[in-house]
Structures are given as C-alpha cells and as structure tokens.
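Pulled from TrEMBL, these are the features on record:
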BINDING   A:Thr98, A:Asp100, A:Glu113, A:Gln132  Mg(2+) binding site
SITE      A:Lys115  site 'Transition state stabilizer'
There are 2 protein chains.
Amino acid sequence: MLTGVIIMVKYPSGSLPIFQKDFKQPKIRKAYHHKKEVNFSDRGMTLEQQINESNQYYLEKGIAVVHKKPTPIQIVKVDYPRRSKAVIKEAYFRQASTTDYNGVYQGFYLDFEAKETRNKTNFPLKNFHEHQIYHLDACLKQAGICFTIIGFTSLKRYFVTPASFVISKWHEKNSSSMTLEEIENNSIEIKSGFHPTLPYLEAVDQFIADRKMNNGK
Amino acid sequence: MLTGVIIMVKYPSGSLPIFQKDFKQPKIRKAYHHKKEVNFSDRGMTLEQQINESNQYYLEKGIAVVHKKPTPIQIVKVDYPRRSKAVIKEAYFRQASTTDYNGVYQGFYLDFEAKETRNKTNFPLKNFHEHQIYHLDACLKQAGICFTIIGFTSLKRYFVTPASFVISKWHEKNSSSMTLEEIENNSIEIKSGFHPTLPYLEAVDQFIADRKMNNGK
C-alpha cells in the first residue's frame, strides 16, 4: 500500500502534484529577492510545478487564464461522517480524454500537454497518449493554439513545440521518438526563469505572430 | 454512508454524473430514430447530461471541442492491490477554481457554467460560487466567450446568458436573484432538441456575430 502525503500548497489549477515522491514545496520567491547572483533555473521543480507556478503568475498579473485540469476520478463510495465533510472511500483513476492544460490568452484558445524526460538525445513518442494526440488535433482544427512543452530535465532545456509537428511525428511510420535535433529545429526553446518560472507565453506570442503573418490577419 | 453507483456511460468529459439520485442512463438515440412524432424535449435528462451529450455531438461532428472538467479531488491514500489497478481509499472533494466547461470553437475560447433551478420565476444568484464569477470575469478580460446556461427545469426553458450580465447582477447590491424576465431580456433562449440535445452553439454564434459587429472586425 502506498500512502500519499497531503500537500497543502494551493495550486491555481485546483490540482495537487500528488504521488511525486521527491516533491518539494516550491520555495517562496520573496526569500530570493536579495540574491541576484543565484541561478534560479528550475529550482529543482518538476515541469508540472514550473508550469503551475507560471500559470499562477499569468493569472495574478491578468496576462492569461490557464489551468491544469484535475485528474479524472471515478467515485464509487463516499462516506458522510456526521458533522464532517464527505470522505471518498473508494474511487479509481480514469483515462482523461484531453490534454492537461488549456485556457485563454488574448482571445486565443491555448491547449497543451507537458512532458519531461531524463533522456538527453531524444524524446520517446510513447510518452504521449493517443487521446492527447487526438485531442490536440481536434483543437487545431478549431484554430486553437496547440503545443507541447517538453522538458529535458538532465539538460535543463525546455521546448515549446507546435502540436502540428508532434502529431506528424506521431503518425510517421517507424518513428518511435523525436530527436533532440528535430525538437530544436521545430520548437521555440524557453529558459526556465524567475517571473514567471517557465515563460512559455513567449513562444505562444511567436506562434500568434506567425499565424497572423500567414493568414494576413 | 451513501454509496454511489458506478455508471459506465463514457462521457466525453471524462467525468461522471455522480451522486445524482435520479440519474437515468441517457437512452441510446438510435432507438428513437423511427419515432418522429415523439417530443424529444430534454428526455428527462439533467442539464449536465444534455450539455455532455451536446458536447459529444459537437466533438464527433468536428464542430467544437468542449469538455466538462473533472471534479477536483484531493487524494490521500491509494492501494495498489497485486495485479490490479490502483484503488483510491481516501480522498476529499476540493473547491474548483474555474467553471465546469471550456473549450474551443472556430478559434474562439468558450467558457461557461451550467445551472438548473426548479424555481419558476427567478434564478437565485447564490447558485453561482464566487470562484466561478471571478473565473468568468478573468476569461472575459482575455476576450473569451463566456456565458452561463440556466435551465428552468419546471418550465423546460433554457437560457444562454452572457457572463457580463451575470457578473453585473452578482455585484449589484441588494440583488439576490435574477428574475425570469431579466433573464429573458438578457439571454438567448435555446430549445432542448435532438441533434444536439441542447444546441447552445446557436447562442454562441450570435455572441460572435455581435462581437464582430461591435469590434468592426
């Protein structure tokens, strides 16, 4: 039996980074303010934590509204102890039908999946689930801005890759991974930073600019 | 102790209509195909069921990608019985920080909350939670298309109301509800139908047309 730990950090998404054995509570930024020389790069946070912190920053600053979707759970049994709140006593993880993140930025619909790998030379495509690829494709057809954020944790490098490229690689025969070089050539690299932790909207700005140029809008 | 029932209908949202005492499994549409004279109006479905069915229809037809967000759950204890999948043994309902539905339609970000009332003359504003109002407001500021779907179940009438109106009523002093007349005057009424069950995108089309007219886009 594995017993998770309740982590009381409130994530903007309403979702907890559960079951991460090495989860560290994100350090409070203010404590860093005087140490300009420190390298803030990712601060030992998982990619999910970095994105959640970035989304919180974007939300508080009125820049964008992006949330992580809660994990879908199938609830079977609930207890209502007297004077106490409901306790779920039996439930199961369910398969999601979408990506983890979506939201709105300057009128644009954003939809993305985030994945990290310890691999240094390529990103295995099996890390994406079929439903995520299908969902990204469906959102692309509705003119959403769809992408993936891939983190090479060993290299501390982060790439925002248009979903169109990932989908085409996914459907490519005999292709089980994207090489780092392919990702470099087809993505916008973002640097893990401070405010926000992972400024992925910089890449989105580029996608929007490209789209406007292509559409003549 | 209340024991819920596992309902195996697969919702597009990955979310089950749990804990609805009178939940009926939506009848399969094909069974109705030959009975043209039947009044299909809402077919005893809850508003949530109607919206989920509509979203499934929109998704299958490639018209829009809208999903209900899963209920956020805080997981505390999980068992991994041998050769069997994980069983959540202790978890709690958490407060959501968004509305229930969002998605993308023709490049537009959609965000909405759906509520129903048995009331016949007004809709009590306390049915909306503060976080839902704040979230709709934040999405409006990002130029999302934000609204509510209010169902008067006793009247079998359904209204798509722009979030701007709901938010202004929410902030109005001494205002505890929206009257049916106010809702009629500030909404687009939609008829519960067949394909899709609740064609709320007809109202969205009108919002988009209004916006284009106002923006001169």
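The backbone N, Cα and C atoms fix where each Cβ goes, and this holds for glycine too.
Note that TrEMBL annotation is computational and uncurated.
Feature annotations (TrEMBL) mapped to structure.
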| residue | record | Cβ contacts under 8 Å, 6 or more apart |
| --- | --- | --- |
| A:Thr98 | Mg(2+) binding site | A:Lys69, A:Asp111, A:His131, A:Gln132, A:His135 |
| A:Asp100 | Mg(2+) binding site | A:Lys68, A:Lys69, A:Phe112, A:Glu113, A:Ala114 |
| A:Lys115 | site 'Transition state stabilizer' | A:Leu47, A:Phe123, A:Asn127, A:Phe128, A:Thr148, A:Ile149, A:Ile150, A:Gly151 |
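Listed recorded positions A:Thr98, A:Asp100, A:Glu113, A:Lys115, A:Gln132 compared with chain B at a CB cut-off under 8 A give A:Thr98 as the close ones. For the recorded site, A:Gln132 (Mg(2+) binding site), the DSSP three-state label reads helix. Taking the centroid of the Cβ atoms of A:Thr98, A:Asp100, A:Glu113, A:Gln132 as the Mg(2+) site, the other same-chain residues with Cβ within 8 Å of it are A:Lys69, A:Ala96, A:Thr99, A:Tyr101, A:Asp111, A:Phe112, A:His129, A:His131, A:His135, A:Leu136.
Of all the Cβ atoms in the protein chains shown, 22 others lie within 10 Å of the Cβ of A:Glu113 (Mg(2+) binding site). The number of other Cβ atoms within 10 Å of the Cβ belonging to A:Gln132 (Mg(2+) binding site), over all protein chains shown, comes to 23. DSSP assigns A:Glu113 (Mg(2+) binding site) to a strand in the three-state reduction.
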